Structure formats: structure tokens, C-alpha cells
Amino acid sequence: HSTAVEPGELRPSRPVLGDLSVTSVTPSSVQLQWSVPKGSFDSFTLQYRDAQGQPQALPIDGGSRSVMVPGLSPSHRYRFHLYGLQGRRKIDHVSTEAVTGKEEPEELPLPSEEQKHVKPQNETTPPDAHPVQAVLEELRVSSVTPSSVGLQWSVPEGSFDSFMLQYRDAQGQPQALPIDGGSRSVTVPGLSPSRRYRFHLYGLQGRKKTDRVSIDILTEEPEELRLPTEEPQHDKSETEAPASEATPAQAVLEELRVSSVTPSSVQLQWSVPKGSFDSFMLQYRDAQGQPQAVPIDGESRSVTVP
């Protein structure tokens with residue numbers, strides 16, 4: 001009775017993990033389901049990277065055939081890997097991808113009794129109401145800095161009583177900026193550098209949103225980590241012979257490569273085929289998007305980033 005019975009001590013026929021499928025999606029969660037067509041597992045672990053790129057692992061007991069993954073970011077593509085374990089050993093593995101739901105910033109709706117009135121336009125609106133449907137057009141960028149965005153728009157037809165700009169901040173929280181009806185531009189402050197934002201501008205008549213334009217914008221790199229920029233001038237004016245202490249030949253930096261990786265560190269290596277540098281500076285952004293700078297002495301040819 002070789003395959004029919006599964007004595008626990010021997011590793012019986014290897015258990016098999018069936019398809020991993022997505023059963024439901026919201027803007028902040030995904031529900032996954034799988035089957036075990038053959039054998040059984042002691043436990044499962046679900047692994048994925050969060051929106052910041054950090055690896056996450058969710059332990060799941062061996063009897064489960066579905067899991068809800070909470071705390072996700074809206075409109076984000078995730079790749080999930082489900083491992084079946086016996087003891088601590090990963091025996092089988094299935095993967096799937098899911099995109100979380102789009103979250104229009106509708107947690108910020110205006111009082112929504114009006115929404116019902118949008119369709120039945122045959123019940124004639126009182127004459128003081130705006131007869132023409134006002135039109136909102138062409139939301140565009142007038143300026144971008146690491147922490148703000150300037151937006152402009154036009155109203156080619158009709159007029160709005162007010163506008164409402166909605167977007168999500170870097171923490172994913174919905175924000176709403178009321179703007180008076182005469183305005184055709186706004187500056188949005190308090191943004192995070194090097195981040196993509198989606199802005200929705202609504203035109204309101206009374207409290208009713210009657211038209212909408214949207215735009216995606218990437219804020220600029222932060223200024224904090226620019227290296228002192230006196231040097232670039234020397235690139236051009238090499239004719240005025242530099243003082244002899246200065247590095248005479250332009251030193252050359254080559255081939256930055258990864259020599260080892262752990263879950264929490266990376267080792268980097270490089271070469272200097274020509275000339276020499278007084279020092280090096282390694283810059284990167286941490287998982288929170290904060291710029292980091294590691295000073296390195298000029299003799300070094302490798303560094304571990306912890």
C-alpha cells in the first residue's frame with residue numbers, strides 16, 4: 001500500500017499545492033485561496049513585498065485554504081508567494097499577482113443627497129440654477145518642487161461655485177482642498193519628494209460635483225543630498241591649470257556592483273581604474289523614502305550598507 005497510506009514518520013508522497021487564486025480585492029486587502037490536491041502540509045507561509053518594497057511574511061496554519069491579506073495600498077500590484085511547509089522545510093510553492101482596488105478619494109464625498117438628482121434632468125431645474133452645464137478642462141502642472149505642486153485649469157464654458165482638489169498623501173490618507181470658484185490655479189504644499197501623486201479636481205455647483213479632471217505628477221528629487229556643487233566648474237575650465245595639489249587627471253569611478261545581499265544589508269564594490277579620489281559618498285533612500293548618505297574614505301573599494 002505504497003501511495004494509499006501516509007505513515008507520518010516516513011516522508012510519504014510529497015504533498016502538492018494547487019492553484020493560488022484571488023477571490024476578492026479591496027483598495028486595502030486581497031483574499032487568496034488555494035487547494036492541496038495531494039498530501040498535507042504542517043503550515044503555510046505567504047510572502048510578498050509591501051508598497052514600500054519591504055518583504056512581509058504571513059504564517060498560516062496547515063488546515064487553512066484561504067487567507068485575507070490586510071494593510072495593502074490602493075491601485076498597487078502585488079506578487080504573492082505561498083509556500084507549503086513540512087516542519088520548517090518549504091516543500092512546494094505557488095504564486096499569483098493581484099492589483100488592489102482603485103480608491104478614488106471618495107471617503108471624502110460631499111454630502112451625497114444630490115447624486116440622485118444628476119440623472120432625472122427632466123424635472124426642470126429652477127431658473128436661478130446654472131442653466132449651462134459648466135465644463136472643467138485641462139488640469140496641468142505649472143510648477144513642481146520636492147514638496148509642492150502648482151496646478152492650473154480652465155473653465156471654457158459656464159462657471160462653478162467652487163472647486164475641490166482631492167488626492168492621497170504619502171501615507172495614503174485622502175486629502176481634500178476646497179478652492180473658491182474664481183480660482184484657476186492652486187499650489188498643493190506638504191508633499192513628499194520623488195513620489196507620484198494623482199490629483200482629482202472637481203467643479204461644484206452648489207454642493208454637487210458636476211465635472212472632474214485628473215492628473216498624475218511626480219514630485220522632484222529632494223535637494224538635501226546634493227553634493228557641494230563647486231566642483232563642476234572645473235570640468236570645463238581645465239585650461240586654467242589647477243594648482244598642483246589638485247588632482248591633475250580627472251579620476252574615474254567604475255562599475256558599482258553588488259557583491260552580497262542579505263534581507264537587511266547589501267555589500268557594494270567598485271573600482272577606480274584611473275586617478276584617485278579623496279573620499280566617496282554613497283547616497284540612497286531608505287524604505288521610508290528618506291535620503292541617506294554614507295561617507296566612505298578614499299582608499300575603500302567596498303562598503304556594507306546596513
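Every residue, even glycine, has its Cβ placed from backbone N, Cα and C.
TrEMBL does not curate its annotations; it predicts them automatically.
If you look up TrEMBL, you'll see 224-239 marked as compositional bias 'Basic and acidic residues'.
Positions annotated as compositional bias 'Low complexity' by TrEMBL: 240-249.
The average per-residue pLDDT of the prediction over the domain 'Fibronectin type-III' (16-106) is 88, rounded to a whole number. Annotation comment: TrEMBL describes 16-106 (among others) as domain 'Fibronectin type-III'.
Here TrEMBL flags 135-223 (among others) as domain 'Fibronectin type-III'.
What TrEMBL lists as domain 'Fibronectin type-III' is 252-306 (among others).
As annotated by TrEMBL, region 'Disordered' applies to 96-128 (among others).
TrEMBL lists 219-249 (among others) with the feature region 'Disordered'.
Counting residues of the domain 'Fibronectin type-III' (252-306) by DSSP class, helix then strand then coil, yields 0 helix, 37 strand, 18 coil.
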